[in-house]
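Asker: I am attaching a structure below and will ask some questions about it afterwards.
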């Protein structure tokens, strides 16, 4: 391909440009996306769509299924947009398709992970949690919605012909991505805190994992004062904590450990990717980082690929809970009269 050093005389807008009439400096990105790498990611994410559908329907993990499917579809659309940009990186529509889809897709994936946390807590004991079960989904999904709206709005604004509006769009996207990073950071802190409390309790009072006797009850010096939910496990004395005896054998299994590991791996990968995108956008679309294809393919594509593989295998709650996801349903919205809504 012949290198063009200046636009054709009749070009008045970058939307009129082609690879034959304008230099790459006029394009949204200064490189042509690699066909093989982007096609690989399309195939990978498309492959896991039916996998997630099968697992979600089989195990009735509806909230997880919704987040995972939306995230995967957006990943596929985003990389399709990048392939179209190979032919014309100057046109707005392919750039918007790539930018918005790949920016917001991980928010749906992290949302799928968030809905698992309340049930993980239920498999141990809600009494050790600093947050009520229903509040996990409310808090983190609220973060996700804010993040999604900011990222989508910012991505749309960045296609403006005005340099100031483009920068405004970038700033809005950075705010959205920063919200996602903050949400993931809070999630990691809460998970580590809860894991430490479980570890400390078990270390003080070791007992056989299959035991359902009173040896599974541990006295807490500083017990949680949280209000118990209608389906939470509550011991007769408020300063006693009971590990859920119905899930003792599952908690001791390799299946459960693999599930927790894969969920953690997915969170870390999405977190790394989100931090990268914040750093990328902070420099603007013309920065070196925003135009480094190798870095993008590793810290965006590879990180999300690892997360999706983990979430679609041992990290899937249907697999991790061994088909007992519904057994840990909890009241999401408590009505004044009869009836609750589960997620």
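Cβ coordinates are placed from backbone N, Cα and C, and glycine is handled just like the others.
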Asker: Name the residue range among 294-314, 315-335 that TrEMBL annotates as transmembrane segment.
Answerer: 294-314
Asker: Which stretch does TrEMBL mark as transmembrane segment, out of 258-274, 275-291?
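Answerer: Range annotated as transmembrane segment by TrEMBL: 258-274.
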Asker: Using Cβ atoms and a strict cutoff of less than 8 Å, what residues sit near the transmembrane segment (64-84) while being 6 or more residues removed from its termini?
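Answerer: Answer is 33, 35, 38-39, 41-42, 45-46, 48-49, 52-53, 55-57, 94-102, 104-113, 115-116, 301, 304, 308, 311-312, 316-318.
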Asker: By Cβ distance under 8 Å, which residues at least 6 away from the ends of the transmembrane segment (170-196) in the same chain are close to it?
Answerer: 103, 106-107, 110, 113-114, 117, 121, 124, 128-131, 139-140, 143-144, 146-155, 157-158, 264, 267, 270-271, 274-275, 277-278, 281-282, 284-285
Asker: Can you tell me which parts of the same chain pack against the transmembrane segment (39-57), counting only residues 6+ beyond its ends and a CB-CB cutoff under 8 A?
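Answerer: For the transmembrane segment (39-57), the nonlocal Cβ contacts are 64-65, 68-69, 72-73, 75-76, 79-80, 83, 301, 305, 308-309, 312, 316, 318-319.
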